[in-house]
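Taken from TrEMBL as is:
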TRANSMEM  12-32  transmembrane segment
TRANSMEM  44-67  transmembrane segment
TRANSMEM  88-106  transmembrane segment
TRANSMEM  118-136  transmembrane segment
TRANSMEM  143-163  transmembrane segment
TRANSMEM  175-200  transmembrane segment
TRANSMEM  212-234  transmembrane segment
TRANSMEM  254-278  transmembrane segment
TRANSMEM  285-303  transmembrane segment
TRANSMEM  309-328  transmembrane segment
Amino acid sequence: KLYYRLAKMKKFSLLILNIIMFSIGNCGGPLISRFYFIHGGQRIWLSSWLQTIACPLILIPLSISYFHRRKIESPATAKILSITRREIIGSIGVGIIAGLDGYFMSWGPAKLPVSTSSLINATQLAFTALFAVLLVKQKLTVYSKLSVFLLIAGAATLAVRGNGDRPAGVSVKEYVIGFVMTVMGAVCFGLMVSLIELIYIKAKNAISYTMVLEIQLIIGVSATVFCTIGMIINNDFQAIPKEATQYEIGEAKYYLVLIWCAIIWQLALLGLVGVIFYSSSLLSGIIGAFLLPVTEILAIVLFHEKFQVEKGIAIFLALCGFVSYFYGEIEQSKKEKRDNFMDDHLNFIVLHQND
């Protein structure tokens, strides 16, 4: 019993740690990306590349884990990687989707206010739920379905009069492209997190956090390679020195912004895979929806963005969607406990009747 409680407490602590990392990255990532663009940054592929380029940082905890295994096991049997070839191939595929997601998502901070792009990103929960049903075979309650409807309705509300918060210097065409691309990014995100959960489910060996980090490293490297190809085609590497010299707040601060952008987005990705591992892909979507008002307030305070009635309605619908989903999960949990209790009770009766 004591061992079980300690293991449960450790799992809960690690879940909280990953929620914190995911929350910092989820709020800070869009804000610092928008900061890059409003001060003179123009490179979409560079912005998407920064979302995964810091993935080698994962080598630090992986190296510690490897040398720890070498002490416990013999150096000859201690493997560098714990995951199988099948999981590596799956992670590479997810990495390509992650790179595409990063590209789509970068259009939001580039062409839309953070408050608007964050509200559109709230639909990630709806797409996560959809792909969780299709791929992971997760059952949705009536409340979950209502949550999906409310989140999509919130995004539709923004589209009704979206042109009203168009940033200065952004054409109507660019605004529409940014809106559509951000929605596509939400679709890719929903697909990506459900596929990550599917990799965990289909894994041949018991999933450890070390394996989670290995999967995340492969996803990060694959996404970075994908975005690097885009940068090479778009001549972004050659454009970086020139963009740095023309940056509004100075060349040194330009590179500082890029570094922090990479670090904050890496926190988001590390936290994301951790939340999925210790809980589920749907919880990651719920946390994203829950942090929506925080990102909204920070965007208004830091960038003095407009806050129209449509955004207020969209936030209200998103929060209602979050509450609906959370309530549905609680009711589902209660139902499963009741069903398990009834099954145990019936088994007990049958057992004693046989006696």
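Heads up, the Cβ atoms here are built off N, Cα and C, so glycines get one too.
Here the structure is a predicted model, which means the values were calculated and not measured.
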When you check the transmembrane segment (175-200) against the transmembrane segment (12-32), do you get at least 3 Cβ pairs under 8 Å, counting only pairs 6 or more apart in sequence? no
Counting only pairs at least 6 apart in sequence, do the transmembrane segment (212-234) and the transmembrane segment (309-328) share 3+ Cβ pairs under 8 Å? no
With a Cβ cut-off under 8 Å, give me the same-chain residues at least six positions beyond the ends of the transmembrane segment (12-32) that come close to it. 51, 108-109, 114, 117-118, 121, 209, 257, 260-261, 264-275, 277-279, 284, 287-288, 291, 294-295, 298-299, 302
Residues of the same chain, at least six outside the transmembrane segment (118-136), with any C-beta under 8 angstroms of its C-beta? 30, 105, 108, 112, 144, 147-148, 151-152, 154-155, 158, 179, 182-183, 185-187, 189-191, 193-195, 197-198, 201, 280-282, 284-286, 288-289, 292, 295-296, 299, 311, 314-315, 318, 321-322, 325
The transmembrane segment (254-278): which same-chain residues, six or more beyond its ends, come within Cβ distance under 8 Å? 11, 14-15, 17-26, 28-29, 32-33, 35-36, 39, 41, 46-47, 50-55, 57-58, 98, 193, 196-197, 200, 207, 209, 212-213, 215-216, 219-220, 243-244, 247, 284, 287
